[in-house]
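A.B. asks: There's a structure below that I have some questions on.
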Amino acid sequence: MKLVLAIVVILMLLSLSTGAEMSDNHASMSANALRDRLLGPKALLCGGTHARCNRDNDCCGSLCCFGTCISAFVPC
């Protein structure tokens, strides 16, 4: 599961770095937000899976669900 997530993230970052355009502005903003979250200065301050959180930005590549960072593939 982690390998699949890592491959997806790598492919997304490669598509962003090559200048590939997305037709949907919302998708583009989401991809930019993901890139900024993973590569930005706050990336060192985020928690991994099962860490305590208040919002999605508190989690590294995960979602904040009921005060805990969870994998993006697990629904709240």
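Cβ atoms are placed via backbone N, Cα and C, with glycine included.
Below, the features straight out of Swiss-Prot:
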- CYS46-CYS60: disulfide bond (DISULFID)
- CYS53-CYS65: disulfide bond (DISULFID)
- CYS59-CYS69: disulfide bond (DISULFID)
- CYS64-CYS76: disulfide bond (DISULFID)
- 1-19: signal peptide (SIGNAL)
A.B. asks: Between CYS59, CYS69, which of the disulfide-bonded residues has its C-beta surrounded by the fewest other C-beta atoms within 10 Å?
C.D. replies: CYS69
A.B. asks: Roughly how many Å lie between the Cα atoms of CYS59 (disulfide bond) and CYS65 (disulfide bond), rounded to a whole value?
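C.D. replies: Given the Cα positions, CYS59 (disulfide bond) is 10 Å from CYS65 (disulfide bond).
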A.B. asks: What residues, ordered by sequence, lie under 8 A Cβ-to-Cβ from CYS53 (disulfide bond) and sit at least six positions away in the same chain?
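C.D. replies: The answer is GLY47, CYS59, CYS64, GLY67, THR68, CYS69.
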A.B. asks: Rounded to the nearest Å, what's the C-alpha distance separating CYS46 (disulfide bond) and CYS65 (disulfide bond)? Just drop the number here, would you?
C.D. replies: 15
